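J.: Can you keep this structure in mind? I'll have questions shortly.
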Amino acid sequence: MDRRGEWCQRAWHVAADDRLVGLMCALGLVFDIMASKGSSGTGSAGRFGARYGRVARRRVSEIESDTNADHTCPDCGSDAVDRKGTGIWQCGKCDYKFAGGAYRPATPGGEAVTRSIRTALSEDESEA
């Protein structure tokens, strides 16, 4: 039996005369209510407990989740790029090694520079 049916049976036994609980179980609304009650996890910064402050823990969690996310290889296009060191990234599929940001393969500043170089090159080609 799935979790929804199990919980509905327990809820039905607790409040056997309550017809609203039975109706909500039949419609599947009780499971949605139960699922939404859980609190959000602390993420990777949960190891710090109550230390270092909320903002610092949130920053660490965001940085670590961004670092460990899937990144696309600029050479072969696969999602197999791993961080090897500070600013060093390597594709696990084609072994293409490249420099990037400390926590992301492409930093916002680097992307802006790449964009401006591409526009400058396209303007030069259109003039010629």
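Note: Cβ is positioned from N, Cα and C throughout, glycine not excepted.
Per TrEMBL, the features are:
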- C73, C76, C91, C94: Zn(2+) binding site (BINDING)
- 73-94: zinc finger (ZN_FING)
J.: Which has the fewest other CB atoms in a 10 Å radius around its CB: C73, C91, C94, the listed binding-site residues?
T.: C94
J.: Does DSSP give C91 (Zn(2+) binding site) helix, strand or coil?
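T.: In three-state terms, C91 (Zn(2+) binding site) counts as strand.
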J.: Other than C73, C76, C91, C94 themselves, what residues in this chain have Cβ atoms within 8 Å of the centroid of the Zn(2+) site's Cβ atoms?
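T.: For the Zn(2+) site, the extra neighbours are P74, D75, G77, S78, A80, V81, G92, K93, D95, Y96.
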